[in-house]
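Some features that TrEMBL has for this protein:
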| type | residues | note |
| --- | --- | --- |
| DOMAIN | A:20-444 | domain 'DUF112' |
| TRANSMEM | A:12-33 | transmembrane segment |
| TRANSMEM | A:45-71 | transmembrane segment |
| TRANSMEM | A:111-137 | transmembrane segment |
| TRANSMEM | A:149-166 | transmembrane segment |
| TRANSMEM | A:172-193 | transmembrane segment |
| TRANSMEM | A:205-225 | transmembrane segment |
| TRANSMEM | A:260-283 | transmembrane segment |
| TRANSMEM | A:325-348 | transmembrane segment |
| TRANSMEM | A:360-383 | transmembrane segment |
| TRANSMEM | A:395-413 | transmembrane segment |
| TRANSMEM | A:419-448 | transmembrane segment |
| TRANSMEM | A:469-493 | transmembrane segment |
Amino acid sequence: MDVLSHLATGFSVALLPLNIFLVLMGCFIGTLIGSLPGIGPINGVAILLPLAYALGLPPESALILLAGVYYGAEYGGRISSILLNVPGDAGAIMTTLDGYPLSRKGEGGRALALSAVSSFAGSIGALILMVFTAPMLSQLAIKFGPSEYVWLMVFAFTCLATMVGSRPIKTLVGVVIGLLLATVGVDSGTGVLRFTMGIPNFFDGVDFLVVVIGMFAISEVFVLLESWALNDLKITPIGKSFVSMADMMHVKWVVLRSTLMGFLIGVLPGTGASIASAVAYGIEKRFAVGDKEHKEHFGEGDIRGLAAPEAANNASAVGAMVPMLTLGIPGSGTTAILLGALMMFNITPGPLLFEQRPDIVWGLIASMFVGNIALLVMNLPMIGIFVRLLSIRQSYLVPVIVMLTFIGIYSIHGDSFDLYFMILLGVIGFLLRKLHFSLAPVILGLVLGEVMEENLRRALSISGGDWSILFNGPITYGLAAATVLAIFVPLMVGSLKKRKALANMADMED
Amino acid sequence: MYDRLFAGILLLLSGLMVWTALQLEVPFQYEPLGPKAFPVMLGSLMSMAAIWLFIKPDSNSWHPTKEIVKKLVAGLVLLVIYAALFERAGFIIATFVVGSVFSWLFGETPKRAGIYAVVMSVVSYFLMASLLQLNVPSGTWWAGLF
């Protein structure tokens, strides 16, 4: 079996002492970040990225750490959803609907345990799907030429525009802002300086880290400043209840369906955990209505309504890594940052990654198996620690966030210019969020901008300037058709009501 | 209203970018597209999007009170002060000053905010500088003194 030998390679990387330590660290920090209201995975990864870079970790170790934060946060998000009725991150919004009623009934322990098991099942299920589909996808992607890549990105941005955020036009604007930011600096083809305004710091481009930290972490500080009020959030007690075998049997099909759904939505470029969990919840609700044996009471503490979004959001976090690793197209906002992280290490994710650096790809995949087992342990017997950490006050938290962002950014170049630029981007990011532009598209545009331009220019130099090269071969037709589908299907399916619900989510990123 | 304002700024900026891109002087070029085409295409796309947004803006849902605006400005000023002090006064002092005010802004009593900020800045300085070997500034103002 090919897969088994690949996994063996992976585990030989993942089980190095340093990497075991990092995956445990990542999962712990991730769970913590996920559980603290307001700070989601994207912020956690953004804040830790410059530190991981400055520490001089090898690329696979840095990726293992940051990915641990990402999927750890998908576990952690549910804790405050269930106990406080405040979602810890975007993927956990749907978890409040049935999780909080359960904890109000004194079954908080049962809800936490069941959702931990669902999360675990979702992650592991999606990981198994990833192990088999990712190599296949990378085989297909080897056939991609420049025109196919251009189409792939157009498809990714279309998916993003029609499915994420409050209005397609606003998402489009976000993407274009990101793409334009990517053009700043010296042009690799001709050596011409573009849009640098004579500032030497921009000659080698706008620093990815500064944009990410400014847009996400600094704007988050403003959001926290705005929303903060002296509110004593009451944590409902966990109680003695625990998950039973009967509960798990009751939701097994729910978890299986939601895992599949979450994985597929995760793989779609740009759509992440918040959409996956919303769709899974909606589907299960419809299934439950038809179920004669068990009357549905979704919204009042139905365990099916708790298991579905949790399995789906974890599965989507895993799924989002598949296109990132195989195609170099991130499946969600957070994976866009992971992709940027890889690029900073001079590693270009894409189909060749599987052949040239199997240690990175399979090491990451193997570390996710290890991490998920660790997370299950952290989230079942050790859940009490995180519950206690939930009551960390923002007056202690915010100074730490601000400090970490400044240390991280300063340590890249040792130049105060980056700090000022980061603050400016933070203000812009905050204003964009207030006007209901989501920020994930900006990051996706920034990460993909250079690749897109390069491929477009390469395609046209092959054809000598003839644009018809964008339509040659079955793959380009397929991707073009998929793009058209991505424009029209959501328009037909998505009722106005759903858009409104998603618009409310646009304020939180995943 | 804010949407319209923003769309106007976008339109201006995208126009500026297209104009700047067209002004680029390319001494030599091996491929048909060159460095101008991509920014010009993006700029045009952006200006079209901006016009659409100008014609059909969202209704405004953000109504910050005076209190909130004050707080946001205070936060911004603090961040700028932090950036200005970071290199010159050094990490410990800058973090102490800014950290304690932030902690106080989020509802901590001045005394406890101060104590917390001292502990945080000193502990993290040694953690970051010695343990993690990061480039943490010790302050150019004091460089001559020690």
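Cβ coordinates are placed from backbone N, Cα and C, and glycine is handled just like the others.
Residues 41-42, 45-46, 49, 52-53, 59, 62-63, 66-67, 70, 134, 137-138, 141, 144, 152-153, 156, 208-209, 212, 266-273, 316-317, 319, 354, 357, 360-361, 364, 438-440, 443-444, 446-448, 451, 509-510 of the same chain lie 6 or more positions beyond the ends of the transmembrane segment (A:325-348) yet place their CB under 8 Å from a CB of it. Under 8 Å from some Cβ of the transmembrane segment (A:395-413) lie the Cβ atoms of residues 36, 39, 47-51, 53-54, 201, 207, 209-210, 213, 217-218, 220-221, 224, 419, 422, all in the same chain and six or more residues away from its ends. Proximity of distant same-chain residues to the transmembrane segment (A:360-383), defined by a Cβ-Cβ separation under 8 Å and at least 6 residues beyond the stretch ends, is recorded for 6-7, 9-11, 13-15, 19-20, 23-24, 26-28, 31, 59-60, 63-64, 67-68, 71-72, 75, 79, 112-113, 116-117, 119-120, 123-124, 127, 130-131, 134, 238, 318, 321, 325, 342, 347, 353-354.
Residues of the same chain lying 6 or more positions beyond the ends of the transmembrane segment (A:260-283) and with a Cβ under 8 Å from any Cβ of it are 74, 89-95, 97, 122, 125-126, 129-130, 133, 155-157, 159-160, 163-164, 305, 308-320, 322-323, 329-335, 440-441, 444, 501-502, 505, 508, 510.
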